[in-house]
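These notes are about the structure you will find just below.
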Amino acid sequence: MFATLALVFTALASNALTTPLPLVRRVPTGQVITQCTTPNTIALTFDDGPSEYTPQLLDLLSRYSARATFFVLGDAAAQNPGLLQRMRDEGHQVGAHTYDHVSLPSLGYDGIASQMTRLEEVIRPALGVAPAYMRPPYLETNELVLQVMRDLDYRVISASVDTKDYENQDADAIINTSFQLFLDQLDAGGNIVLAHDIHYWTVASLAERMLQEVNARGLIATTVGDCLGDGEIAWYH
């Protein structure tokens with residue numbers, strides 16, 4: 001009998017050692033996050049797409065073996081389900097940027113929630129999942145916005161490097177201003193980078209200059225989830 005019990009306890013102990021631990025999300029919900037926590041990582045993020053320029057950006061990221069995060073909008077996502085699939089298939093993270101790009105603090109609870117759930121209804125058929133990470137339009141939040149994001153289980157991502165690429169859409173300004181902003185804020189310790197894949201000069205010029213600088217500094221260009229220590233399973237609902 002004692003020999004049998006010993007075998008049972010041995011089997012239970014062995015099973016405990018080999019059974020995977022349940023998923024524990026490391027990143028809190030409903031709190032504004034501006035910085036990566038994994039050493040030597042940088043998160044390039046692109047808002048407002050997908051757009052006609054997104055395939056070119058995906059090609060560029062592939063050439064540099066870099067991963068990025070795309071915070072997408074409702075209509076753009078609805079018109080480009082194949083690009084959403086390509087993003088995920090190539091190791092990038094698809095995040096939520098609301099359906100209509102409206103300032104969330106201007107809305108009540110139900111309006112804020114609707115902006116997120118309507119976008120989920122577009123993304124889920126394309127990917128089979130919906131994002132668990134979001135970026136508020138204009139980086140604007142208030143306590144009600146953050147409460148809704150907690151209730152909907154969203155991680156709220158801001159930025160510590162703002163390229164302001166939307167203000168600098170010509171060949172000179174994108175380098176002299178946006179890329180210089182990138183360098184200055186990188187030097188100051190920023191590592192979550194805000195840009196937009198809906199703008200030609202961002203994709204045609206700025207993105208590659210940023211990737212070259214990332215490589216020169218020995219940094220790893222990865223997704224927001226990864227730079228915060230979250231595995232891919234935690235990027236989605």
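Backbone N, Cα and C define each Cβ position, glycine as well.
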Same-site Co(2+) binder from Asp48, Asp151, Asp153, given that Swiss-Prot records His97, His101: Asp48
Rounded to the nearest Å - Cα separation of Tyr138 (acetate binding site) and Asp48 (Co(2+) binding site): 11
Shell of the Co(2+) site beyond Asp48, His97, His101, same chain only (C-beta within 8 angstroms of their C-beta centre): Asp47, Phe71, Val72, Leu73, Ala76, Thr98, Pro137
Cα separation, Asn176 (N-linked glycosylation site) to Asp48 (Co(2+) binding site) (Å, whole number): 23
Most crowded position, judged by CB atoms within 10 A, among His97, His101, His196 as recorded positions: His97
CB contacts for Tyr138 (acetate binding site) [other CB atoms within 10 A, all chains]: 11
